Amino acid sequence: MGILEVKDVNKNFGGLKALSDVNLSVRENSVHAIIGPNGAGKSTLLNCLVGKLIPDTGSVMFDGQSVLGRKPHEINQMGISRVFQTPEIFGDLTVFENVMIPCFASRDGAFRMHAYEHTRHETDIVSMAEQMLADVKMLEKRDIHAASLSRGDKRRLEMAMCLVQRPRLLLLDEPTAGMSRADTNNTIELLREIRDKRDITMAIIEHDMHVVFSLAERITVLAQGTPLVEDTPENIKGHPKVQEAYLGEAA
Amino acid sequence: MFGLDRKDLTLFLVVVALALFAPFLLNPFPSDSGLAQFNAGYPDLMQRFVIFGIFAIGFNILFGLTGYLSFGHAAFLGVGSYAGVWMMKLLTMNVIPAIIISVIFAGLLSALIGWISLRRSGIYFSILTLAFAQMCYALAYSVLTPITGGETGLQLNLDDPRIIGASQTAEGNIPVPHLFGLEMNQTWQLGMGGWEFTFSAGYYLAAVVMLVSFYLAIRLFRSPFGMMLRAVKSNQQRMNYTGLNSRPYTLAAFVISGMYAGLAGGLMVAMDPLAGAERMIWTASGEVVLMTILGGAGTLIGPVLGAGLIKYLENILSKINKGVLEQWFAVMPDGIDTFLVTIVYPFIGKGWHLTLGIIFMLVVIFLPGGLVEGAQRIGKLFRRTRKPAATDDPEHHPKPQPHVGE
Ligand SMILES: Nc1ncnc2c1ncn2[C@@H]1O[C@H](COP(=O)(O)OP(=O)(O)OP(=O)(O)O)[C@@H](O)[C@H]1O
Ligand SMILES: [Mg+2]
């Protein structure tokens, strides 16, 4: 049994079959990559995991509990954090505040009336956020507005916001898109470090094969809403079906 | 000190000083000079400044932080007023219970209206709050006449069954609201040369309440809760996927700002114990929106400035009439004076709304951050003109002396 079990999930948009009979099992404390051409349904699958979409049929279990029918904040409180394909950050807030908010969410739950204490006097939260920003090498940018960051930095910030929550399952939707080569390598390094140091499961969607093969222990190939194969990186590389559906198209 | 940053503390102390010395500051002109009509330092108007300041501070907690634009906040002020008058009719003329009950009733009504309206956001939320406020107005005006006094409004009577204190004074008058014996309409005069200063008990009570409200608002702005409200405005989606439920946050902000409105309504009653349905009408809700935007939504001091400016224009401009204008321009040559009077006349007296409209337009177009942004820009201008002198030509100033006080 994996920590995440997706069974027979179907999702239609009007006549379009975005997901058909998707089955996926992600083993605890592993890195699982989901690859596939544009429009394959990768983001749709993640949307079904975090409560943004509800599948038409099928079940999604996280750690033995169903996530279906739960609100996004409840799913996050179960231990699932997500980095979106287009960065979702608090643009009007500073970088530091962006990282503090998830810390508060993890410590205080979905709502806390906390209107008298000065934010800066929450020393445990402040040091947690500072440490996280140092880990992603963004500490010197702490006081600038998140909206004015570069695209790569926005992604890095969003990743920091997810990591600081110490999620049990981290969902990453193209975490290195729009990053420079150097930033991509830094990100790979960071994710590796976290994978080795903490108990964390990652599901990562990525077009950059360098990232996929650097991190993933298992890979699922999705095409037109259906999983084609699931295997180790070594076997996926030479798999004819994959060549045809994915790499073949790209070449 | 007081758990505030240096910058916030400075701002707060400035506001304290302004509020305490308002009777002097707002009366800069000798009482027999021609400019005396621009003096705003009389109790009635000063009370309005601080009471509407409270209203706007509370509104800003909702609108400035979460971005939810309510068009129905006057309903909470109105409910607060009615509750306050009833407290005086039934219990005591002491203003404290009246103010407390005003806040409680406004809180309850805003919890109900907020709970329903916050299911939608953007324009739909605004329309819902507007609809609810207009319903409250219509109810107060008609069906609920036994409670609200309908068209005539709710007033104290000589036969009110007041539990603590008498129904009428020894002279057969309606008693005056008081704070443990200190009557709210009591004033002291101070004459200094040609100047006349009036200190009123009512004003100082309202000012102290305003200062406390302002202090609490600063604390809220700087708290984790305040940060969450700004997160609501910035990206609700991210907030939810971060494990935070935005609904209770917005509802709490809505109720808090409703309670501020109720507090303002209660203070109005403490100053002058009557309430009418017109306090709930939609233009009254619109006014607090204007105050907040004019001063600077989302800033600490902006709403207070906006409230002051609008109440000043409303009370001072509207009192200038054609006769006064003719007096002013009498020194001009014939023809030109009548011309000037004709030009200026539409903007004064009943036409003060026109002036307000133009000021509002100019602020929104040129200073989207309101009066506060204007002040910041002026401040920057000064700093920019000072800086080059300090930094240019390092050769000639190997060791620049720091400015005194920097
Ligand atoms: N909310 C929606 N409403 C209608 N159609 C949608 C919706 N979301 C996705 N789709 C469609 O579903 C299909 C799968 O989209 P999805 O975003 O999951 O692809 P993807 O694998 O993430 O692709 P990419 O690599 O480009 O991000 C696409 O054809 C897309 O147009
Ligand atoms: Mg996608």
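Every residue gets a Cβ built from N, Cα and C, even glycine.
Just so you know, TrEMBL annotations never went through curation; they're auto-generated.
What TrEMBL says about this protein:
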type	residues	note
TRANSMEM	B:9-26	transmembrane segment
TRANSMEM	B:46-63	transmembrane segment
TRANSMEM	B:94-116	transmembrane segment
TRANSMEM	B:123-144	transmembrane segment
TRANSMEM	B:201-221	transmembrane segment
TRANSMEM	B:248-269	transmembrane segment
TRANSMEM	B:289-313	transmembrane segment
TRANSMEM	B:325-348	transmembrane segment
TRANSMEM	B:354-375	transmembrane segment
REGION	B:387-406	region 'Disordered'
COMPBIAS	B:389-398	compositional bias 'Basic and acidic residues'
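Contact count against the transmembrane segment (B:354-375) (Cβ pairs under 8 Å) is highest for B:289-313, out of B:46-63, B:201-221, B:248-269, B:289-313. Here the transmembrane segment (B:248-269) has Cβ contacts under 8 Å with residues 47, 51-52, 54-55, 57-63, 65-66, 68, 70, 73-74, 76-81, 83-85, 88, 95, 98-107, 109-111, 113-115, 117-118, 177, 205-206, 209, 213, 220, 225, 228-229, 232, 275, 279, 288 of the same chain, all six or more residues outside its ends. The transmembrane segment (B:46-63) shares the most Cβ pairs under 8 Å with B:201-221, out of the stretches B:94-116, B:123-144, B:201-221.
Beyond the ends of the transmembrane segment (B:201-221), by six or more residues, the same chain brings 2-4, 8, 11-12, 15-16, 19-20, 22-23, 43, 46-47, 50-51, 53-54, 57-58, 60-61, 65, 95, 99, 179, 182-187, 256, 260, 263, 267, 270-271, 300, 304 to within a C-beta distance below 8 angstroms of the stretch.
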